[in-house]
Amino acid sequence: MKLTYILLIAVVGVAIEAKSVKKSKAHHKKKRHETLADNYKLNRIKDSDCKDVADDCKAFGKLEKDDENSCFNNPDKARNECPVSCKLCVSKRSKKQSDYMGGYDLQPQQCSQQSCYETPQWSVQNCAVTCQLCQPGVSSGPVDQDVRCPFWGQYGYCSQQQQQQQTDGYISNNCPFSCNTYGSAQPAQQPYPYPIEALSPYQPNAMPTPPQGVTPAPLPPYFQQQGYGYPQQPQPTQPVQPGQTQAPTAAQSTPAPVQTTPASGKTTTEAAEETTTEAAAEGAETTAAPAATQAPAAAGQEGQQPAAGGQEPQEAQEQEGQQPGTEPAQSDKSNKKKHKKDKAQKKSKSHKKQH
């Protein structure tokens, strides 16, 4: 009985201790790390207050977003000490940017699809081509002043009459390039939600939501090569300088095989087969001595008949006379031997008569 009471007390004590530990953990729960996405409306720093005051702002602003020491993960320092380097100014322009008319990106290495909506004001001034706010290479053309302009133009919000009345012409006034480029788009059935608020740096869900069942207008030709999204500025082709050798193309470096044809009109394979056949025939004639002796006479009698392989008789005889061990050479040797034999027989007969 006492053992039961002791076990019951122990169980109750363990339960109370576990509950107290749980409350303690909940009370001392670590606060979530704050980023520039939190309280994003504070990221729009006025031009009069937008200046860097820390010495390491340039290096601080170049850190990647995922870096724990970046602007995104250190919002207090980004807003208070380095708003210029962290791209939080409303419309901060440098002297170089003040003359900017469009047609190219001022900071192409920092421009990307992601930057168009993470840092919208900075991207309008520095990434007009990447964000599709102007025509590439046309510096005197119109330039959009809102990164949402391509979306509004493709989905027909430029030509929506009710849209112009409700928004006081915000879209048409701020999107001259997109409204002109996508002028053939079907008008939107409903106006864009009003009021249209200005985007803030690192604002979550800054990309507008496409209306259901609506097909956007096609991209212009100078953006189609890069696919849907934000194209990169095409690199111009470098001309070949005098004295330099241009790298060969695939067609130039690999010439097509050429089949050689002899003068007789036959292919190389057929000519080789005929040469082999003629060599075998000549070898057979060399071993046959009686046939070799009669060959010159036969060749003389049949001088008008064409030689094998389509050659003329004279050409065949010339070829036979040039090769060593042929029939004329063998007949000369046999004639000399016969002449010596006859001479020896005459000498022996004359010697017998003298005796």
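Numbering starts at 1 and runs along the chain as displayed.
Cβ coordinates are placed from backbone N, Cα and C, and glycine is handled just like the others.
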Bond partner of C82 - disulfide, per Swiss-Prot - picked from C57, C71, C111: C57
Swiss-Prot annotation, disulfide partner of C175 among C134, C149: C149
Cysteine paired with C86, where Swiss-Prot records a disulfide bond, from C71, C111: C71
Whichever of C111, C131 is disulfide-bonded to C116 when Swiss-Prot is consulted: C131
C57 (disulfide bond): secondary structure state under DSSP, collapsed to three categories: helix
Cα distance (Å, whole number) from C149 (disulfide bond) to C71 (disulfide bond): 27
Per-residue Cβ crowding (10 Å cut-off), top of disulfide-bonded residues C50, C57, C71: C71
DSSP-derived structure type at C131 (disulfide bond), helix or strand or else coil: coil
